[in-house]
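Listed features, source TrEMBL:
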TRANSMEM  44-64  transmembrane segment
TRANSMEM  76-93  transmembrane segment
TRANSMEM  99-116  transmembrane segment
TRANSMEM  137-157  transmembrane segment
TRANSMEM  163-182  transmembrane segment
TRANSMEM  225-245  transmembrane segment
TRANSMEM  288-309  transmembrane segment
TRANSMEM  371-390  transmembrane segment
TRANSMEM  396-414  transmembrane segment
TRANSMEM  426-443  transmembrane segment
TRANSMEM  463-483  transmembrane segment
Amino acid sequence: MAAGGGNDGKSDDFQPFPVKDQLPGVDFCVCTSPSWPESILHGFQHYLLMLGTTVIVSSTIVPLMGGGNTEKAEVINTLLFVSGLNTLLQTFFGTRLPVVIGGSYVFIIPTVSIALSSRYSFLTDPNERFKESMRDVQGALIVASFFTMTIGFFGFWRVFARIFSPLAAVPLVILTGLGLYSHGFPQLARCIEVRLPALIAVIFFSQYIPHLIKSNRAIFDRFAILFSIVVIWVYAEILTAAGAYDNSVSKAQFSCRTDRSGLTSAASWIRVPYPLQWGRPSFHAGDAVSVIAASFVAIIESTGTFIAASRYASATPIPPSVHSRGVGWLGVAILLNGLFGTGTGSTASVENAGLLGLTRVGSRRVVQISALFMLFLSVFGKFGAILASIPLPIVAALYCVLFAYVASAGLGLLQFCNVNSFRTKFILGFSLFIGLSISQYFNEYLLVSGHGPVHTQSTWFNNVMQTIFSSPATVAIMVAFFLDCTHSYWHDSVRLDNGSHWWEKFRSFNADTRTENFYSLPANLNRFFPSF
């Protein structure tokens, strides 16, 4: 039945929006860049954003290992330095997408388990305890890196990506963003007088001012993060200097004050991180298995981030060989984490992928410039420490917006699927619900009981279960992929309903002329490392 009631003149008004394999409205795609001054500012903005995760992860694990402010500053600078190297390697030789490769929350569970191990109970010197536990973490990361490189460079992830459909990708990308919700408003609420203004500021600068102030140049929306950080940091400094928190409880003192990080005084003026700086790594089978599980989760969550970044960089869907190549270089990143001693592994940064959507600048060059900031400011520790002492309340407010952008990239993949199919509705709804529900159960159980619901005599097995099932994206993709490959798969309509036919022309690297433009290796290296 015609929806327009015979009004032929306006029949186009009722047509659905066409499917776009490249996101329209992006100002700069992977291969294009703003002017050099603007690119440098964008790169600095990406650098400031990834500092939040770097500081949070290091501040969580270093005290548990026995380290103080000096060790924390050194680990932060080391993680920044390695993140710069890994970002350059990924953007030059990996997926070639504008993704930042930084520290990961995923590795916190096995790292904390190692740090709290009873094997260090005889050590009375905190510094010696820190070095011993760091060496154990290094050994586990080195072993796990070979697992990740094998999955990537030997093509196992390419096999998975070849039968990966847009329908299965939807819950993966959505929960790659939404799964980090605990780092958003729950953290924001700990210092509402700083974090809520920060959230309002970033929304106001990015979404409202550009429409209120007509200009030929996009300034406020592209640099909303910079404006918000500066304004709210000054505001938080005023509150601290005015004594607003002098008589507050200790939690408010830590969450709201701007002078509690201890990083600036502890950091060295110049210090170049180097491999094996904490000593020779030590290896334990149980630790390695736990970190391998974290590496598996990092692969999955990075895959979701790669897909989101490809959309916001206006690139075509990622070929399976490029997915596998990116995972292989993620393994190299984890190897460098182990050799340098960062205390955690690497993953593709979700918040930086969200920044691509906020700014509509998906330039590869911008992210490479941000990597140079990481390298430079990690060596000159005092300068980096000043920027790393940005109040974490501001970071949590930014996360609320940027994680949401990644989740919305997953929603955008629904255009490839038949959303009127009941099979599609079941797989999508069930995988999203189970992904959130199971991970929430595992996380709440750990918070209340001090251990996960899987509590056997084998610590490594407990850590494996806790790491995998506390990741919403990992649970969701396992459920969605299984259902998509088994539920009514013999029906002819399945390939149309799950969107596989839309991605078919991108399964092979050379099937679409645009693919080579976005994903080819530099200096004609495809001759030696061909993509299939």
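Even glycines carry a Cβ here, placed using N, Cα and C.
Highlighted: of the candidate stretches 44-64, 137-157, 163-182, 463-483, 163-182 has the greatest count of Cβ pairs under 8 Å to the transmembrane segment (396-414). Beyond the ends of the transmembrane segment (163-182), by six or more residues, the same chain brings 105, 300-301, 303-305, 307-308, 320, 350, 354, 399, 403-411, 413-414, 416-417, 424, 427-428, 431-432, 435-436, 439, 443, 471-473, 476-477, 479-481, 484-485, 497-500, 502-503 to within a C-beta distance below 8 angstroms of the stretch.
Long-range contacts of the transmembrane segment (288-309) within the same chain, counting only residues at least 6 positions beyond its ends with a Cβ under 8 Å from a Cβ of the stretch, are 95, 97-99, 104, 106-107, 109-111, 113-114, 137, 139-141, 143-145, 147-148, 151-152, 157, 169, 172-173, 175-177, 179, 317-318, 323, 326-327, 330-331, 334, 345-350, 353-354, 356-357, 362, 405-406, 409-410, 413, 459-460, 463-464, 467-468, 471, 473-474, 477. Taking pairs at least six residues apart, the transmembrane segment (463-483) and the transmembrane segment (371-390) share fewer than three Cβ pairs below 8 Å and do not count as touching.
Outside the transmembrane segment (76-93) by six or more residues, the chain places 50-51, 54-55, 57-58, 99-103, 263, 267, 271-273, 277, 325-326, 329-330, 332-333, 336-337, 340-344, 346, 348, 364, 367-368, 370-375, 377-379, 381, 384-385, 388, 521-522, 525 with a CB less than 8 A from a CB of the stretch. Among the recorded stretches 44-64, 137-157, 426-443, the one sharing the largest number of Cβ pairs closer than 8 Å with the transmembrane segment (99-116) is 44-64.
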